[in-house]
Amino acid sequence: MFSFHMFDHPMPRGFQNRFSTQYRCYSVSMLAGPNDRSDVEKGGKIIMPPSALDQLSRLNITYPMLFKLTNKNSDRMTHCGVLEFVADEGICYLPHWMMQNLLLEEGGLVQVESVNLMVATYSKFQPQSPDFLDITNPKAVLENALRNFACLTTGDVIAINYNEKIYELRVMETKPDKAVSIIECDMNVDFDAPLGYKEPERRPQHQEEPTEEEGDPSSYADMDTGFRAFTGSGNRLDGKTKGIEPSPAPLAPSDIKRGIPNYEFRMGRITFIRNSRPQPKKIVDDDDAMNRFIAFSGQGQSLRKKGRKP
């Protein structure tokens with residue numbers, strides 16, 4: 001009997017389950033086909049050739065499929081998911097923002113390796129422009145945009161599309177690891193101050209003291225206080241202009257009525273004042289109080305006279 005061993009040492013299980021190969025990468029705009037694939041630009045997934053799916057199906061890898069992309073020339077790396085396996089052989093298509101992070105040009109070589117990432121619990125983003133503050137609900141917009149992403153890597157600058165405008169956000173921090181998976185996870189999101197943002201300066205409010213002219217009631221005589229009778233100009237039948245100029249009587253300081261502030265004013269409350277003048281309280285005299293009607297307060301009369309014997 002003879003025994004034949006091809007390998008002296010068995011192959012480790014980790015090596016058998018690992019997918020690693022090199023592709024020439026291109027942006028999605030270079031993808032041939034009648035359909036518009038702008039949806040790839042809005043997310044963090046790539047398009048790989050069908051041979052990659054055949055090779056991945058032979059390996060005992062975990063799902064969802066996550067990959068580590070490395071540019072060995074610039075020593076830059078990121079992580080992504082896969083969207084489809086329809087690319088030409090030896091080629092993969094990446095979103096434009098991902099190629100910028102890897103410092104890749106059209107036709108550059110990228111190393112693609114399968115990885116397992118921990119589920120995200122926390123992430124922090126920094127908008128790259130103060131224009132991101134114009135969004136009414138930035139967390140809801142980011143949550144909707146991250147549905148097209150499979151994972152996040154600390155240091156990457158991702159791009160999201162909202163209202164036909166591209167917003168770039170830098171991933172400042174991720175927990176529990178520097179690269180995390182965001183598929184079916186409960187992740188807390190926080191924002192840092194946008195790049196180039198300056199807080200508005202708060203000027204101290206100085207209370208202005210009333211001047212002498214404002215405190216003098218006689219200064220209000222020059223103000224327009226409403227209708228004044230017999231202030232118009234007249235016309236003469238003979239055509240002369242003498243004596244037709246108006247000469248209104250000057251206003252006395254007592255004639256000027258100033259508003260009384262409502263010291264009980266509250267924000268969000270409307271008060272309808274029926275009578276601005278308080279009604280005087282009626283003073284009841286003592287004589288009027290005595291003359292008031294009181295029931296059963298009179299004196300009775302008897303038919304029988306007192307002191308008469310029967």
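Cβ coordinates come from backbone N, Cα and C, glycine included.
According to TrEMBL, the features are:
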type	residues	note
COMPBIAS	198-209	compositional bias 'Basic and acidic residues'
DOMAIN	19-117	domain 'Ubiquitin fusion degradation protein UFD1 N-terminal subdomain 1'
DOMAIN	120-194	domain 'Ubiquitin fusion degradation protein UFD1 N-terminal subdomain 2'
REGION	194-257	region 'Disordered'
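Taken together, the residues of the domain 'Ubiquitin fusion degradation protein UFD1 N-terminal subdomain 1' (19-117) have an average pLDDT of 88. Helix first, then strand, then coil: DSSP counts for the domain 'Ubiquitin fusion degradation protein UFD1 N-terminal subdomain 1' (19-117) stand at 22 helix, 38 strand, 39 coil.
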